[in-house]
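J.: The annotation transmembrane segment is assigned in TrEMBL to 18-36, 48-66, 86-109, 130-150, 191-211, 223-246, 252-272.
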Amino acid sequence: MSLEDFKFIYWMEYAHRMWGRALGFVFAGPFAYFIARGYVTRQLGIRLSALFALGGAQGLIGWWMVKSGLEEPTSEYVQPRVSPYRLATHLTSAFIIYCGILWTALSVVMPDPPTGSMSWVNGAAKIRKLAIPVSAVVGITAISGAFVAGNDAGHAYNSFPKMGDSWIPEDVFSMEPFVRNFFENTSTVQLNHRILAATTLLSVGGLWLAARKIDMHPAVKSLIGSTLGMAALQVTLGISTLLTYVPTSLGSAHQAGALTLLSLTILLVHTLRRPSPARLKSIATAVKST
């Protein structure tokens, strides 16, 4: 590593830390003000306090992750890198905080989901049963990307759809104990991510097909279509990133795509939630009056 390379890494790391600390102040200042003014309900206050605490813990997790990369390599040919387990923990924590903030913000802005008739409410309930597991698959796929990055698996098998000359590499289960392969074996980690990505796209596609046959609010159907489009774009970005040996620009776009897709699924599940009893009563009253 040259001095210029070290300077680049240093300033990226330093900016990341300062950005994280600044977020804490940006969150805490308005939060304290709104509490003092009585704008925050008890339930909302507890939720925001929990998110703030998670933000503080995220800083500790970040240092715990970085610390793993400061250990002396086993040989001069081994490149120092952070633990993929700690990297995945840091990313998962970030996603949890982000999803919590997004869900909270949506709940404040949109206390009740879009409704127009009981038929739309019943349709949303049917799709919600599918949307929740699909969202879980999206989240798991995104987290698996941390193991791809942590093991530098993106620089192996830069071909698609095959991995080199075969569909499944021979060394996918070469590590002992067996479970290590899924988190530390470069071949297995990349194969898992490919399978999860395909599963995500097929799951979102299946959700879209199911939604076409169900009577729902047009906004919900439009959101499902947007989610499918984003899933297809994300898979395209992933393949492009792999085939071009993971340039920083495409790698960053792929990570941003994962967050965008996750955001759309969170928005979808939030939009599909059951309306409040008061809202359901008003819909029933409107039906009787007509």
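The backbone N, Cα and C atoms fix where each Cβ goes, and this holds for glycine too.
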J.: Cβ under 8 Å to the transmembrane segment (86-109), counting only same-chain residues 6 or more beyond its ends: which ones?
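T.: Apart from its flanks, the transmembrane segment (86-109) reaches 44, 47-48, 50-51, 54-55, 57-58, 61-62, 64-65, 68, 139, 142-143, 145-147, 149-150, 259, 262-263, 266-267, 270.
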J.: Name the range, of those listed as 18-36, 48-66, 223-246, that has the largest tally of Cβ pairs under 8 Å with the transmembrane segment (191-211).
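T.: Comparing 18-36, 48-66, 223-246 against the transmembrane segment (191-211), the winner is 223-246.
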J.: Residues sitting near the transmembrane segment (18-36): Cβ under 8 Å, six or more positions beyond its termini, same chain?
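T.: Non-local partners: 45, 48, 51-52, 55-56, 58-59, 62.
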J.: Grab the same-chain neighbours of the transmembrane segment (252-272) for me: Cβ-Cβ under 8 Å, and only residues 6 or more beyond its ends, written as numbers and ranges.
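T.: Sequence-distant neighbours of the transmembrane segment (252-272): 95, 98-99, 102-103, 106-107, 110, 113-114, 124-125, 127-128, 131-132, 134-135, 138-139, 141-142, 145, 200, 219-220, 223-224, 226-227, 230-231, 233-234, 237-238, 241.
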